[in-house]
Amino acid sequence: MRRRTLGTAAVSAAALGSLAACGSDDSGSDSDSEEQSFSGELVIWADETRTPVLKEFVADFEAQVGVKVTVEEHVETLREDFLTAAQQGQGPDIVVGAHDWSGQYASAGLISPVVLTADQQATLGEASVKAFTVDGNLYGVPYALENIGLIRNTDLAPDAPATFEELVQAGKDAGTDEILTMEVSVDGNAYNAYPLFASMGGYLFKDDGAGNLDPNDVGVDSPGGIAAFEKFAELGAEGVLKTTFDASNTIPFFVDGKTAFMISGPWALTDVQGAEMNYEVTAIPGFEGEGPASPFLGVQGFYVSATAKNALFAQEFVTNYVLTEDLQLQLAEAGGRLPALTTAAEAYSADNPDVQGFAAAGEDAVPMPNISAMDSVWEPFGRAEADAIDGADGAEAATTAADTIRDAIAAS
Amino acid sequence: MLEQRSRTAGSATAAGLIIKISVLALVAGLAVWAALPLIAAGAWWGLALEAAACGIVFYVYVQRRNIPLKYLIPGTLLLIAFQILPVAMTIGTSFSNYGDGHRVDKDAATEAIIAAGVQQTPGGKTYLVAVGDSAAGDLTLLLTDTADGSTWAGDAEGLTEIDAEIDATGRITAADGYTVWGLEELNERQDELATLAVPTGEESGIKVQGLSAFEGTSTRSYDEGCDCITDTATGLVWTADNENGTFVTEDGEVALVGWRVNIGVDNYTAILTDPDIRGPFLGIFTWNLAFAAGSVLFTFAIGLGTAMALNKPGMRGTRFYRTFMILPYAMPSFAMLLVWAQMFNRDYGLINDLFGLSVNWYGNDWAAKAMVLIANTWLGWPYMFLICLGALQALPSDSLEAAKIDGATGVTAFRKITLPLLLIALTPLLISSFAFNFNNFNAIELLSGGAPFRAGDAVGGTDLLITYAFRQAFGSSTSDYGFASAISVFIFLIVATISAVMFRTTRNQEDVYS
């Protein structure tokens, strides 16, 4: 169905649903006879880690509803690929991606809202639903959660630190070259810096309490924000944080025993496990007397394209099939991330201390803002962090970053 | 008839004729293959263009005359398709606000905003969906209430409870007076369903989503008269602002989705007048010239020096040296650039370690500039070495001998004879090297990524125009293709001008020396 048709339908019939709906039914009666001959096609785009798992799993869905499901792999450029294709009215019916894409996709008008019933929402954590909500509408169905935590070499530092000060002390006592590795790199890294920023009381956008963020209230230079950047400067001077920690050395230094602590995410575990070292994953400690160091929560999920040629089955897939424990468990095992479905998460983390560790680290996690304004935050925030660590005045870095962010938001 | 024969006779041999026929057949086949999606999309202009191109190809090759055209046509068509068309499209984009939030057309934007107004009725019922035709042939939704399993038929009149057979999941498989659709039918007749609205109350209706449905309301509607979208739930009215491609309320609140419009020369005026953009633009431009000139100068100087050393009669082991010196050029530059990027790490990099320095290569403007020039020179000089060596060997020895007889020293002979003669041969290559380095995206992006940046800077110390434009379009912050296109057009004009001036200078030079 071409998009134009869809639109008219939605407008004239005042029934977005019916357009999407078109079609449905019959999964039951025909499922047996339909297995050989597919009556339609559903195209899913996913990245290189999810594609193999999805391919394996769509067979069930194919059998259930008699639609051929094609999973296409897009390495690295999935986010852009979808934008480019969908705005031409092409592209897949479903795209699998991170929740922070939702702001950009929704404001481009390229994804359709999905409605989950109250029961369905209850099976998911509140945060993961919030993560996919843009302007009051849910735009994606979550399946996995991830956040960063503190990975500790238990031979070098036996006890989990309760405060960041303890961490620094333990890092020094370990007698290693570095106290801690955390990817900063020359341009800074707002994602990794956020827990420390939050611990000092900084916020990015004001939350109205209901999960709606106000892009016009930027808190990078709030008193807490300034205190955080001053802390960055202090830690930089002390040699705890360095802009020379980048993607090339953060994990190798930890694996080589050059540091007892590393702040990183589940993706680092492959290397750590490969090194056969003793480690534990715990929460990132907050500063003494300050708030918890809550990391960003990243949620992966399924989006339905607004230009989906088979919107009906795409919606059926994301609303009913994605929320099955089986699929979520499989995806979790492939990606090493916690499932979004609460029951699947419990089953998955039961005997997995790493997952439990990251889950504990993510207890206070806040969904990474998905509003478009967030795109204006990453660079200035990161650079201000790098500047502060390299010796610039913390307060000044914070105010400059905040001004730049405000200008960028006002301009867009 | 006779004429016809003489035309076909144009191909001298049978093999030539066969090749000609098969290539033309291939062209025809490709044309048909390309035409189908164009027809499907209703792109008549594209189809006309394609037909014209195809017609020209046949016209030129089927007949015997127009020999020069036969040579020119393939290149010209490809030039149009892959050079001129992209440039034209870039220029077109530079006059639009195409970018985040303005990616689709107005219809799609309107539709997306309206779709976002569909809300589930709080506490409303949910259903499993089947579709069928009633005895009278009317399209009907056959619904199973998920709460109590009751079965309903829904049409334009509303819901009626019916008796029906259901499967294990509860979905209706058969009902008296209705023909239930199979999956295939559903897939084929999706469009028909779009016309069906099943009301359940004054405002609310059945909204189908996948193979389920819920009771909900569509709160937003578009009115062509006022060119606005009204939301009955909140009472908000968004009026279309066709200049900027957005829907705006009276309070200036902008709706989530905007559309792509022509904004005239705004992107160009932004570059030329906005001090926040103009300032950095001039700065980047200056550095861009310096980077390109520096890269050419250093690579040429070192390349020429080594070439002269190896070209010296009596020099031994030249073969070994030559192989050795080509290495930086022979290795993939992507990998090399990444290795260089690591070597310049302040705390852990090889360069600082080796020389006992603690230069913050990425943090200091001048150090970063030096860094990219060093790495780029290393990557580029073997090329210059190769072409210099070739040119040196081709120099006429008589002029040099004449100079020697006239008593010129080595330096004078080099300055007055060798270098000018070399430059005649090499200037076009130096110009193209300059143009290449002027847009050397890889070197900057992989080495420094444009760094150093200060908080609040849009432009880094080593940014070239091309890396700056790239970040505008595809960077981590908001994408603005329109603006990035405008910058690309500027870059195109700048490079074209510089090249034109330089080629003119070269021509004059050739007149002098030849």
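Note: Cβ is positioned from N, Cα and C throughout, glycine not excepted.
Please treat TrEMBL annotations as automatic predictions, because they have not gone through curation.
Among the features that TrEMBL reports, transmembrane segment is placed at B:12-36 (among others). Counting residues 6+ beyond its ends, the transmembrane segment (B:12-36) has Cβ neighbours under 8 Å at 47, 50-51, 54, 57-58, 61-62 in the same chain.
Here TrEMBL flags B:42-62 (among others) as transmembrane segment. Remote same-chain residues near the transmembrane segment (B:42-62) are listed as 7, 20, 23-24, 27-28, 31, 34-35, 69-70, 73, 77 (criterion: CB distance under 8 Å, separation of at least six residues from the stretch ends).
Through the fold, the transmembrane segment (B:69-89) approaches residues 53, 56-57, 60-61, 492 of its own chain, all at least 6 residues removed from its boundaries and within a Cβ separation under 8 Å. According to TrEMBL, the feature transmembrane segment maps to B:69-89 (among others).
Under the heading transmembrane segment, TrEMBL lists B:285-308 (among others). Listed by sequence, the residues of this chain that lie at least six past the ends of the transmembrane segment (B:285-308) yet keep a Cβ under 8 A from its Cβ atoms are 321, 325, 369, 372-373, 376-377, 380-389, 392, 414, 422, 426, 430, 433-435, 437-438, 440, 461-465, 494.
Feature annotation from TrEMBL assigns domain 'ABC transmembrane type-1' to B:285-502.
The feature transmembrane segment is assigned by TrEMBL to B:320-341 (among others). Sequence-remote contacts of a segment are chain residues at least 6 beyond its ends whose Cβ falls under 8 Å from one of its Cβ atoms, and for the transmembrane segment (B:320-341) they are 306, 310, 375, 378-379, 381-383, 385-386, 389, 442-443, 446-448.
TrEMBL lists B:378-396 (among others) with the feature transmembrane segment.
Counting only same-chain residues 6+ beyond the ends of the transmembrane segment (B:417-438), those with a CB under 8 A from a CB of the stretch are 288-289, 291-293, 295-296, 299-300, 304, 376, 380, 383-384, 387-388, 391-392, 394-396, 399-400, 403, 408, 464, 491, 494-495, 498-499, 502-503, 506, 509-510, 513-514. Annotation comment: TrEMBL describes B:417-438 (among others) as transmembrane segment.
Per TrEMBL, the feature transmembrane segment maps to B:481-503 (among others).
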Given a Cβ distance threshold of under 8 angstroms, which distant residues of the chain, six or more beyond its ends, lie next to the transmembrane segment (B:481-503)?
87, 90-91, 93-99, 263, 267-268, 270-271, 285, 427-428, 431, 434-435, 438-439, 465-466, 468-470, 472-474
